[in-house]
Amino acid sequence: MPSYLITGGSRGLGYAWLKHLSSNPQNTVIGLVRDKSSPHSHPLADRLTNVHHVCADITDPKALQTAAEQVRAITGGGLDVLINNAAILTPTSAFTPITDLSPGVLERDILQSCRTNVVGVAHTVNAFLPLIRKGRAKKVITISSLLADPDLVRNFALDNAMPYAISKAAANLLMAKYHASLGATEGILFMAISPGAVSKPDTAPSEGEAEGRRRMAAKLQAYAPHFSRPMTMEESVRRQLEVIENATVELHGGAFVSHLGNKQWL
């Protein structure tokens with residue numbers, strides 16, 4: 001009976017992970033949410049009744065330690081798979097060129113992105129590592145982004161979401177550092193994976209956001225002419241899970257791969 005912990009599990013891709021994993025009654029599935037009283041957290045209680053949930057902000061090490069003890073009680077001591085999904089994408093810089101950001105916004109968005117998407121991931125891994133060591137699968141996965149691939153960014157001028165993208169690139173290296181430090185010697189898989197291009201339900205975009213999305217879609221089609229539409233979140237989760245289940249420390253330790261298990265991002 002494998003156990004999974006998904007951070008950022010109250011909505012979006014994190015909720016899709018919980019929904020898919022909990023469809024197998026043999027799985028022990030736990031969602032980590034920042035605030036159970038948030039309106040975004042209601043799906044955990046209202047729809048996925050076989051999902052456990054614990055509360056912690058991933059930038060708060062003390063709260064994460066408390067959550068780890070709660071997870072230990074749920075699983076009986078170990079944890080098979082940790083999926084670091086919680087992340088922040090600052091809306092002010094999502095489709096604004098770097099040179100058009102004010103110095104204050106530039107600094108704020110980079111620091112916020114790195115605090116959550118890099119430091120928060122490190123705090124989360126450290127808090128749950130003792131449980132991973134006692135698990136069977138021993139896998140620590142960080143959800144990254146195709147925007148974090150330098151060659152793709154350079155070759156196809158993907159200039160959007162700069163703070164988010166650089167924080168995800170740093171998170172990729174963080175996984176490689178964990179692998180270098182203890183992954184190979186302890187048999188723990190540390191890996192970053194891009195979910196691909198995924199459609200996400202949201203509010204109607206502004207005119208500027210809509211234009212930014214159109215420009216990005218055109219660049220992605222130049223990279224992958226076969227690309228016709230984003231995947232649904234459910235499609236992305238299924239493909240990611242297949243890659244994760246087949247990944248090994250020997251072949252994928254410290255790697256950054258796509259939802260296809262390679263460097264083909266779409």
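Note that Cβ sites are derived from N, Cα and C of the backbone, with glycine treated the same way.
A C-beta separation below 8 Å, combined with a sequence spacing of at least six in one chain, links SER145 (active site, proton donor) to TYR164, ALA165, LYS168, SER194, PRO195. What Swiss-Prot records for SER145 (among others) is active site, proton donor, and it gives similarity to another entry as the kind of evidence.
Per Swiss-Prot, the feature active site, proton donor maps to TYR164 (among others). In the three-state DSSP reading, TYR164 (active site, proton donor) counts as helix.
Sequence annotations record features per position, and here Swiss-Prot assigns active site, lowers pKa of active site Tyr to LYS168 based on similarity to another entry.
Among the features that Swiss-Prot reports, NADP(+) binding site is placed at LEU13, ASP57, ASN85, TYR164, LYS168, VAL198. ASP57 (NADP(+) binding site) falls outside any helix or strand according to DSSP and counts as coil. When other Cβ atoms within 10 Å of the Cβ of ASP57 (NADP(+) binding site) are tallied across all protein chains shown, the result is 18.
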Spatial neighbours, same chain, of VAL198 (NADP(+) binding site) - Cβ under 8 Å, 6+ residues apart: LEU13, PRO230, MET231, THR232, MET233, SER236
Listed in sequence order, residues with CB under 8 A of ASN85 (NADP(+) binding site) and six or more positions away: ILE6, THR7, GLY8, GLY9, LEU13, GLY14, TRP17, ILE143
